[in-house]
Amino acid sequence: MGLQPGVLLVGLLLLGQGITQIHTSSGKSTLEGQLWPETKKNFPFSCSPKKLGLNMPSESVHTLTPADIKLIAAIGDMETPPDSGAVNLDTSERTEKEPWRGCMGMMTVLSDIISHFNPSVLLPTCPPWRSAAVRGGVEELRTQAEELVSSLKKNPQLDFQQDWKLINVFFSNASLCYLCPSAHENGPLMSNMDKLAGILHYLHQEVPRAFVNLVDLFEVVAMPRWHQGTMLSRPSPEACGCSGETSKLDTVVMQWSYQETWDSLLASSSFNDQESFAVVFQPFFYEVSSPVEEPPSQDPTTLALSLWNNMMKPVGQKDEPFSTIERRPMKCPSQESPYLFTYRNSNYQSRLLKRQRQHKEREGTEIRCPDKDPSDSTPTSVHRLKPADIKVIGALGDSLTAGNGAGSRPGNILDVLTEYRGLSWSIGADHNISSVTTLPNILREFNPSLKGFSTGTGKANSVGAFFNQAVAGARAGDLIPQARTLVDLMKNHTSINFEEDWKIITVFIGGNDLCDFCSDPVTNSPENFTDNIRQALDILHAEVPRAFVNMVKVLQIVNLRELYKDSRVSCPRLILRNLCRCVLLPDDNSTELESLIDINKKYQERTHQLIESGRYDTREDFTVVLQPFFEKVDIPKTSEGLPDNTSFAPDCFHFSSKTHARAASALWKNMLEPVGQKTTQNNFENSIDIICPNQAFPYLSTYKNGIEGHGTWLTCRERTPSASPPTSVHALRPADVRVVAALGDSLTAGSGIGSKPGDLADVITQYRGLSYSSGGDGSLMNVTTLPNILREFNSNLTGYAVGTGDASNTNAFLNQAVPGAKAEELMSQVKTLVQKMKDDPRINFHEDWKVITVLIGTNDLCNHCTDLDLYSSANFFNHLLNALDILHREVPRALVNLVDFMNPSIMRQVFLGNPDKCPVQQASILCNCVLSLRENSYELARMDALTRAYQSSMRELVESGRYDTREDFSVVLQPFFLNIRLPILEDGRPDTSFFAPDCINPGQKFHSQLSRALWVNMLEPVGSKTDTLDLTADISLPCPTQEEPFLRTPQNSDYTYPTKPAIENWGSDFLCTEWKPSNSVPTSVHKLQPADIKVVAALGDSLTTAVGARASNSSDLLMSWRGLSWSIGGDGALETHTTLPNILKKFNPSIFGFSTGTLEETAGFNVAVEEARARDMPAQARDLVERMKASTEINLEMDWKLITLFIGSNDLCHYCDNPENHSAEEYVQHIRQALDILYEELPRAFINVVDIIMELAGLHQGQGGHCTALLPAQSTCSCLRHFPSSPVIQELKKVTWNLQSDMSRLSYQEKYTQREDFAVVVQPFFQNTLIPLDKLGSTDPTFFSEDCLHFSERGHAEMAIALWNNMLEPVGHKTTFNNFTYNRTKLKCPSTESPYLYTLQNSLSLPVQTEKASGVAPGIVSAAAAGGLLVGLIVGILAVSLWSSFRRRQKKSPPESVPVANF
């Protein structure tokens, strides 16, 4: 098909009918100044010649720079009109002088450019003007060459031998026959071509030091005239010997080939070997697009600039078409390549020679399907159509279906014009499946008598095309005549029975529509695109009986840019940009590119809507199925990460035979995949296995037969078990699994899965056969469950449940889940399961491999608020541990899936978001502790925290390695349930169709997705498992591979359990930006900003002196680390130590009064005493006043002071010694006395009173003896000796509640609101604070000191953060709890709107009081009461925790008998 090197120039008829004669004017060789007065100002000169640093003139033409050029000259013909700046001459004179003026205009611009590099460049030279009567052809060009040589030799300003000359030889190929792909290789032009070559040889012999541009201006000169009715006209294809109409593809390929032929000729000529002479072909081609408008004439300035830009590009990269619209910016020589480019310094290699490389073998395959038989009788329904029933095949489309370039050898770009229809993916049938993979060759394996496929090469009307009616360059509108032609051919062909034979017709279109979209957005709109497809499909639907039509979705074409833009890949970019300019030319991130991507998606979406509208499913013997395998196509990559151009034809646009083969495999796979589960993404880097029809359901998939109900398609070819039963769980294949079992609650039991919408009463029915992890109803084709997936690998699987019934029903088999079950009941389920497996004769207990799925936790959360202790995360952890321990101890050969439970927030969203569909009136019965909580409430936050603790405890248990001690047992956490994406309806409400009628239990759609997600997780490596489930996603079932054939465990995933990095300090990051103090020192405490505070102080007990904040060197004595104290410590800076003073230092670095170190001398205004009780507060207040009055560092009257009072731990600890002598009234009275002293003695003071807490002893819970000072703690805190149910502890709860109630009133005491410069604010963050827990759900010891009664530095940091944040919250709206989660950015900032510390007055919350004496807001008392109840419960935790610790020391029990604390 290609040209031989010896006939490169001749073979393409390069010069048309001759060299156009030149118009000249006598003797003129200089420019008339008035013709182009604005030449230089037409474009900015952006180059910097000085930066090139070139001084010495070049000795070689291959290192010739613009600065070396002394003279610019031209010979040849230019019939280009002057630009708008030209003077108005007489029409006839202008016509005669146009060529000469065009030449002088162009050369002047070039001279102007060169003058910036070499100011001494001479005036340009053009051939003398002669009248039209004496125009010749090549002879005239020879005459001009001789005259030029003569004038150069006579020019006194030019050193003819030493000066470098730039000579431009213009010619015009007056015929477009070179655009004809089948142009004659011999003709009358040979002599003219030889003469042109003779002219170049003449210049080479006569002119030393010359760089010659060979420029064909035919398209620039002639193309506008095709539209003007002049003597020049486009030659007809017949006149050139073309076989038919010249297409856009023909045009762009032949343009490229024309240019490449010139380059190859010149590169291989003797010119390229010279040091003082070079000839370079400079192309001028228009962009090839739809002829919608007349191409505008080009002024000489634009032509000269385009020529200059071409000279600045290496040969082989001159791929920018001549623009008819915009003037492109001028290019500059680079420092790396400052010279004019020749063939030698461009390292040019002809692509016409590269094509001779060895052609890669075509890609075949093998089909090993067990069932290749047709239906027993010819089917009458398209929905029961087997592959072997197909007798006829056809196709419609464009060049990708016509097979352009599919068989071309690498580099043979000209051969892309050949249509290799026999290799076409959807319709070709060259050879057979072993060497050529196409859809017909696949189908011929099922029915060797298939008809209609194309073979060999040729156009759509060739004999070999048969029913392949695709046409290169076709768009969607061309499908209509193609469909008409195909129908006529089928009706009239005698080898087929038009009425009886089953037909497959594949339609694929859209690439050309997208490539030309920007040229004509209206014609190529998505609406017109799909309307044209509709009309074509309507013809098939109306006239073709017994047809299955593949409508292949248009490909994602934007990825072609990746191939085009990667300069490391050799591609003919001139061809690419001409074929698909709308895709390749827009800038990255441009609106044009975004528009294209959007249109591409709309093409796909509207096609999808058309096919799925049901328009073509009105007859039993006809259907159209959308095949989306091209929807998301990535460019194939090489092993080096480069775009793989072996996947493409030599033009880098069409498919190679390899990609045709992979497209065929992908189409076949799509045809067998269920609708809704079809593969949509491919990259074609690797071959695609030919899958077989499912033996249970062997039909081509349609919208009506596609997987029925809730089935799934499994495409795995490798389904064999291990050669011998594995002994290691880490080498377990799916086909090795013999037994499935499940444990859990109503979700696993299947409650309500099959219930009809609205049938709430039926939710109690346990549809175990549909359960995601253990159901075995139906088959995978209509019911997706884990057992049904595993049965595809091992048909002898057992253990799964069928039908309905409770756990004791024989249908349940090894599904021992019980509705309503909580974690504490899991151990009982395990024992029952183990016994059933041991007793059942169908199970070889010791030899059979088992998969056991465990899911529990939802019911614990539904009941957690009824007993916080019983449903604590620690107990959840222990129950789970006990159950798994039994499995680990008792069950051989088992893989246990531990599945995360459904987050209760999902339940709330669905249930509360659909009050008209969900039984909201039964919320308290169904799941009270989840569904009845108020939004943004403390209780809801507590539930969320407990949920996270449950999840963390599961992860911690598995990652402890406890169950990795045996080779035949493993527990794997499958986290797909961790994050659920709910389907949301258009009205914004969650879609209840995924749930049972109670809106709590999942329905069958939900269970189907759970099964798929579980299977995906089981094949994903540990550490890389999907932890998100989108309920609306198309989840395909992955397959084990030869490289990774096993169910994944930590060991075969090479996974190492993570270790948490140590935290270096407990500092905080300060993100506040408004640090300035008030413009003037405020006189009102209600206008007090943090930066106004000058002094800090504190009163309290050992929690304020920071006893035990750091580990002590002495085993007998805990040290007071006052510098780390939460409310008064000032050691270091905030970045390493979070304390209230260190926060305030960020606002005022000169703040005074804070403690440092451990000594009394550096305590500052920290007057707290370790053993202090409330009764000691007045004394501490007096001590503080005296210290302040005595200090010379502060101005007592003017400085603003922040004082924090926190007391009560010792009072409550000693309450049990003598309950009668401890009352809430007495406690508050002492506090009030201290506040009175401060009120009377200290001006300008803001007093924080922190609510009491008694939860510290809860640290003993679950610590297994962590606390080293248990007995001393009891002696220090006598209440720890009592049982939680004892009367004294019950009384302590009441006292605690009373204390907090009375304390909350202090902010509202009328006395403390009388002064403008004094305020008392109760900070309640401790009111509802929960014990900080670790990941296992046990009390986190890092918050506490060695004696377990005081805070560590981490605990002090959390208290400081909570106190600071309380200070920035309005009274009545303060946070009453602290969740102790670590975060360096938890500190709040004052806002521009509210820059002050909050007091009662500036909180705008002073209530209307009916009783002045009380001074208490009723709402606040109520809130305090609620908070006090919880704190009372925490007091109970204190005692029970210690009692549990005693029990553990007295009796070490096995894990399943760990005592449960009953709070």
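Using the three backbone atoms N, Cα and C, a Cβ is placed for every residue, glycine included.
Annotation comment: Swiss-Prot describes 1-24 as signal peptide, evidence class sequence analysis.
What Swiss-Prot records for 38-1403 is region '4 X 308-326 AA approximate repeats'.
Around S399 (active site), a 10 Å sphere centred on its CB holds 27 further CB atoms from the protein chains shown. What Swiss-Prot lists as active site is S399 (among others), and the listing cites similarity to another entry.
The DSSP secondary structure for D513 (active site) is helix. Sequence-distant contacts of D513 (active site), defined as residues of its own chain at least six apart whose C-beta falls under 8 angstroms from its C-beta, comprise R475, A476, N524, F529, V554, Y603. As annotated by Swiss-Prot, active site applies to D513 (among others).
Among the features that Swiss-Prot reports, active site is placed at H654 (among others), with the record citing similarity to another entry. There are 25 other Cβ atoms within 10 Å of the Cβ belonging to H654 (active site).
Positions annotated as transmembrane segment by Swiss-Prot, on the basis of sequence analysis: 1420-1440.
The region '4 X 308-326 AA approximate repeats' (38-1403) scores a mean pLDDT of 87 in the predicted structure. Reduced to three states, the DSSP call for H654 (active site) is coil. Note: the Cα of S399 (active site) and the Cα of H654 (active site) are spaced 8 Å from each other.
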